[in-house]
């Protein structure tokens, strides 16, 4: 009985992990780059999407104004031409690199916060008070007791 339960639980966990992995992967990344952020993030709102396949038509899921939104991608014109060209992989945006194929907005937001933390305008760290040697709150030095 115990081995049956073990194998059943193992099989269930394997299938659940595979199913969740496919759901998180989502579809293909859509053509183009997310538009550049204009302004700073003041208050986050609800996200409209989690991946490009959540957005209708050719819109992309981009992190703008503190949340993910479905927006039309920036399209860069070929030099001397009239057609749009997908340059999202070949030429990075100023100050950053394009998102690699298959990456999700969640990894993009994590890298955004890792690079820009603390957010601009928050202020500086508080100075350490003079004479403060230790920040061990609630721990006072006590004499060593000898155990006999």
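Glycine is treated like the rest: Cβ placed from N, Cα and C.
Copied from Swiss-Prot, the annotated features are:
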- 1-23: signal peptide (SIGNAL)
- 27-74: domain 'WAP' (DOMAIN)
- 34-62: disulfide bond (DISULFID)
- 41-66: disulfide bond (DISULFID)
- 49-61: disulfide bond (DISULFID)
- 55-70: disulfide bond (DISULFID)
- 74-148: region 'Disordered' (REGION)
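Take the disulfide-bonded residues 49, 61, 62: by the count of other Cβ atoms within 10 Å of each Cβ, the lowest one is 49. Within 10 Å of residue 49 (disulfide bond), counting CA to CA, the disulfide-bonded residues 41, 55, 70 contribute 55, 70. The separation of residue 41 (disulfide bond) from residue 62 (disulfide bond), Cα to Cα, is 14 Å. In this view, residue 66 (disulfide bond) is surrounded by 14 other Cβ atoms within 10 Å of its Cβ, with every protein chain counted. The separation of residue 66 (disulfide bond) from residue 55 (disulfide bond), Cα to Cα, is 18 Å. It is 34 that, of the disulfide-bonded residues 34, 41, 70, has its Cβ surrounded by the most other Cβ atoms within 10 Å. It is 17 Å from the Cα atom of residue 61 (disulfide bond) to that of residue 41 (disulfide bond). A distance of 16 Å separates the Cα atom of residue 41 (disulfide bond) from that of residue 34 (disulfide bond). According to DSSP, residue 61 (disulfide bond) is assigned to a strand segment.
Using a 10 Å radius centred on the Cβ of residue 55 (disulfide bond) and all shown protein chains, the other Cβ atoms total 21.
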